[in-house]
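Annotation source TrEMBL lists signal peptide at 1-22. The feature FAD binding site is assigned by TrEMBL to Thr56, Ser57, Val119, Val232, Trp517, His518, Pro557, Gln558. The domain 'Glucose-methanol-choline oxidoreductase N-terminal' annotation in TrEMBL covers 278-292. According to TrEMBL, the feature disulfide bond maps to Cys454-Cys509.
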Amino acid sequence: MATSSVALVLAAILASLCLVVALSEDEELENLRFVRRAQDAPLVSRYNYIVIGGGTSGCPLAATLSEHSRVLLLERGGLPYRNMSNQQHFTDALADTSPASPAQRFISEDGVVNARARVLGGGSCLNAGFYTRASNDYVRAAGWDARLVNSSYRWVERALVFRPGVPPWQVALRDALLEAGVTPDNGFTFDHVTGTKIGGTIFDSSGQRHTAADFLRHARPGGLTVLLYATVSRILFRQQEGAPYPVAYGVVFADPLGVQHRVYLQDGGRNEVILAAGTLGSPQLLMLSGVGPQAHLEAHGIQVLVDQPMVGQGVADNPMNSVFIPSPVPVALSLVQVVGITRSGSFIEGVSGSEFGIPVSDGARRLARSFGLFSPQTGQLGTLPPKQRTPEALQRAAEAMRRLDRRAFRGGFILEKILGPVSSGHIELRSADPRANPAVTFNYFQEEEDLDRCVHGIETIERVIQSQAFANFTYANASVESIFTDSANFPVNLLPRHANDSRTPEQYCKDTVMTIWHYHGGCQVGAVVDDDYRVFGVQRLRVIDSSTFKYSPGTNPQATVMMLGRYMGVKIQAERWRK
């Protein structure tokens, strides 16, 4: 397979795996009576709980709190698109720079292209759908109640988790991992245990994607209001007589027309504002509200309420590296279904397929030959800045790919992600504009331990490629070295290239680093929030999302982020009724 063909395939590696429109937003709003657009909201309103962020944790949290209270859920994006099949992906999510786009692209200061969800349901609308719990050790280290954790996981699983059908390419990957020594065979399980397993999925048997937004259908009628396209600019605080710290009492948000709305907490000491805006959004909103590093806030003209130097610190992203394996035979589309959990701290997964669905033209509903995961409409395409991703440029790239031999797109990607990671960075404001993404530095592979884990993962992938179990999906005359060289030759990030065919595994890890969208931290437990997720230095404010994690849970975090929303919703309700 020519290197140029591999380069084009890798141009859009691991794109957003979202959805095709089946129903219009108006039709969906009609079905969801508690969901409104922000411009239809009153200028002033009051609730028991104000949850900022309708994502993977915010949706289960709001649904749970609504059982006995009046809850407002504020989401800066729109409704999730309705998925018709897991072979029909929402291919222009990352290309779309409009306020209605479900994904907002950004490039970290490290030079790695990334994306931030902007849709009700959050990252569960954009990911590969894999579902697996955190390890028992992770639960113990977090100090969580194991019984409540298990019941919260089960609540999530009853709502939207399924057992996947496993196509031949994924079966071969499973068997190859076992042959490569990633043992034992743990079969199908949600549990995080060393060895090779099949995990859960949020795609049902008909290929329909389910998302965290599904939890909202279980909310108490009359207990929940959801506002879409509501951009929160700050949390309101006041000094309250008898209170040792500033007290949160409401928020300000703007609708798409630029009108400012105020939402206040109802009277009562148990009512709270809860940040669930994610790893980028939660520390950003704390800083915009005056809670953060004093010098940094003052540099942006923000009045300092609480000097909290740890806000925005400890932000980490699990580095991902991948290799494309050309196949001599056609390969069915599959997302992540199998994972190898190694003893060395690396996790091996895979995605495969070639025939995806994008329209032939803007007005066409008919699906033509196209490239989903590999599509220029979506993938990393890291060397092309968002402002240059015009419809014309994307169409030219798509047409160039259509002219390629179909065999160039047969195969799959084997990915490795590392445990942890140990390396971490920080988030800083670029401006005081809440619509702008903050500046993010992850410091990939800064710590040697992370690099060692990546090398072990790459060595495991090499053994998988060479295994008898995977032989049907590799060319007999293709060497492991040539496969890795082809994959390394395309710039999947903005880092300097090392043109050297005899790359070491260490150099491969550094040169081909990408995100697997599992970033976390910035409001960590013990540094910014306490064990009950209350923000230090203020009152009636919590953060409940992935920004509180020190390490990413399990091989894929969405199960635990959803669980945390339910878990804390139950705990907060119990606290409310104890007094």
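Including glycine, each Cβ sits where the backbone N, Cα and C put it.
Here the binding residues for FAD are Thr56, Ser57, Val119, Val232, Trp517, His518, Pro557, Gln558. Their largest Cα to Cα distance works out to 25 Å. If you take the C-beta of His518 (FAD binding site) and look for same-chain residues 6 or more apart in sequence within under 8 angstroms, you find Asp317, Asn318, Lys417, Ser552, Asn556, Pro557.
Helix, strand and coil counts under DSSP for the domain 'Glucose-methanol-choline oxidoreductase N-terminal' (278-292) come to 11 helix, 2 strand, 2 coil. Spacing of Cys509 (disulfide bond) relative to Gln558 (FAD binding site) is 25 Å (Cα to Cα, whole number). Counting only the Cα atoms, the space from Val119 (FAD binding site) to Cys454 (disulfide bond) is about 32 angstrom. In sequence order, Gly121, Gly122, Gly123, Ser124, Ala212, Asp545, Ser546, Gln558, Val561, Met562, Gly565 are the residues of the chain that are 6 or more apart from Thr56 (FAD binding site) and have a CB within less than 8 Å of its CB. The CA atom of Cys454 (disulfide bond) is located 29 Å away from the CA atom of Ser57 (FAD binding site). Taking the recorded positions Val119, Cys454, Cys509 in turn, the residue surrounded by the fewest other Cβ atoms inside 10 Å of its Cβ turns out to be Cys509. Within the set of binding-site residues (Ser57, Val232, Trp517, Pro557), the lowest number of other Cβ atoms found within 10 Å of a Cβ is recorded at Trp517.
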